[in-house]
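As given in Swiss-Prot:
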type     : residues : note
TRANSMEM : 24-44    : transmembrane segment
TRANSMEM : 57-77    : transmembrane segment
TRANSMEM : 99-119   : transmembrane segment
TRANSMEM : 124-144  : transmembrane segment
TRANSMEM : 183-203  : transmembrane segment
TRANSMEM : 229-249  : transmembrane segment
TRANSMEM : 295-315  : transmembrane segment
TRANSMEM : 323-343  : transmembrane segment
TRANSMEM : 354-374  : transmembrane segment
TRANSMEM : 395-415  : transmembrane segment
TRANSMEM : 418-438  : transmembrane segment
TRANSMEM : 484-504  : transmembrane segment
Amino acid sequence: MIWHVQNENFILDSTRIFMKAFHLLLFHGSFIFPECILIFGLILLLMIDSTSDQKDIPWLYFISSTSLVMSITALLFRWREEPMISFSGNFQTNNFNEIFQFLILLCSTLCIPLSVEYIECTEMAITEFLLFVLTATLGGMFLCGANDLITIFVAPECFSLCSYLLSGYTKRDVRSNEATTKYLLMGGASSSILVHGFSWLYGSSGGEIELQEIVNGLINTQMYNSPGISIALIFITVGIGFKLSPAPFHQWTPDVYEGSPTPVVAFLSVTSKVAASASATRIFDIPFYFSSNEWHLLLEILAILSMILGNLIAITQTSMKRMLAYSSIGQIGYVIIGIIVGDSNDGYASMITYMLFYISMNLGTFACIVLFGLRTGTDNIRDYAGLYTKDPFLALSSALCLLSLGGLPPLAGFFGKLYLFWCGWQAGLYFLVSIGLLMSVVSIYYYLKIIKLLMTGRNQEITPHMRNYRRYPLRSNNSIELSMILCVIASTIPGISMNPIIAIAQDTLF
């Protein structure tokens, strides 16, 4: 009899929870319609994989790419709508959040065709790879719109767990296992530090978790200048620092870049930075509104260390992927300038513009590395010597993307850095911008060193990998080359027509 009553209570409680969830989805589902498309795509992937054979592999790629494109389309249709807060204050929809969501979706859309041939050649499990990519994308999108501390913690964990699994996808590779272990340990530690910072913020504000309510709570409790807020700021900066990977929180980055599968590195190198930057701007700008001088100082130190250490250590690298790892550490230093400048002086607009260009430059470079790695089995820089004589198209594409990363005119990277540094200079960050300009010159050196090797490799420099390199024609059915061409075009042409891109970025300011 007692068991029967308990069973009835359990059914009633479960029904209430289900009805509440259905009610929330029914009345608030339109606010997360792009995310719902991805969830539907994930369900379709699972259904097809469990009911079909290996002959339906093209359908898996088609469903993944289509769901991402449809999600982008849904975002574009929602453009310029009034800002809305949904799900009891947990999620916010506005243009600023949506453009970061657009950038994450764009990264994932370009990374899937970049991965097709690599997965086929390495015989990796396809369905799980696509599931992890879409789930990580979903976590990044929720992080961009997160409006309370719980969602800000849960969403990046969704992204991070998939990232750990993707980085260790080649289970038989010792380097991949080592990279995954370091990534997992560092990620777990950073999440713990972040939550500890949130607990100080929660207590100081009188038990508030929504970002704007935290500000009101700090005013009511008169705790906005208390030591507790300073402690919260330090812990949260460290926690976010591990996600953004500026120096000195970059220890995991080179090993993960070198040991993980190259398409995974391409995906993580851009999506993680876009999602973390979106979260950082909201956390620093809203709850720490009264501590702007303190977090500006902390971020300036991180930016200077990142630009100096990242670019100087990149000079000494012999692996292309490790070189790009340290290059990305330097690049995040430039992005932090935009975060510091903030809403005034077009700081966020310059950061968004540079991130858009960085996505194309970085993914284009990784597409070249994937192609070269599949054809030679190496990513050592010296093995690229003389590539122009064997494959002019791949050599020219690599050179254009590297030059754009270095910031040489008239490529997109130059105008992106120019806009970012100009906004920083107008905001009075003279020392920070000067360091950025100096380190940009240093970065041009090691990029040009690789380009020189590509174009003019001497006979004594050419390795057996290059001597055995077979000429490959430009094939329209090669998805990696398609991604590479799109990224190369996006790394060059937008530099000539900057005004429309800047205007769109300026419209995203909240």
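Cβ from N, Cα, C; glycine included.
In terms of C-beta pairs under 8 Å, the stretch of 124-144, 183-203, 354-374, 418-438 lying closest in packing to the transmembrane segment (229-249) is 183-203. Between the transmembrane segment (323-343) and the stretches 99-119, 183-203, 295-315, 354-374, 418-438, Cβ pairs under 8 Å are most numerous for 295-315. Remote same-chain partners of the transmembrane segment (295-315), defined as residues 6 or more beyond its termini with a Cβ less than 8 Å from a stretch Cβ, comprise 233-234, 237, 241, 246-250, 284, 288, 323, 326-334, 336-337, 339-340, 429, 432, 435-436, 439, 442-443, 445-446. Note on the transmembrane segment (395-415): residues 327, 331, 357-358, 360-362, 364-365, 367-368, 372, 384, 387-388, 440, 443-444, 447-448, 450-451, 454-455, 484-485, 487-488, 490-496, 498 of its chain, located 6 or more positions outside it, place their CB under 8 angstroms from a CB of the stretch.
Under the criterion of 3 or more C-beta pairs below 8 Å, with sequence separation of 6 or more, the transmembrane segment (124-144) and the transmembrane segment (57-77) qualify as touching.
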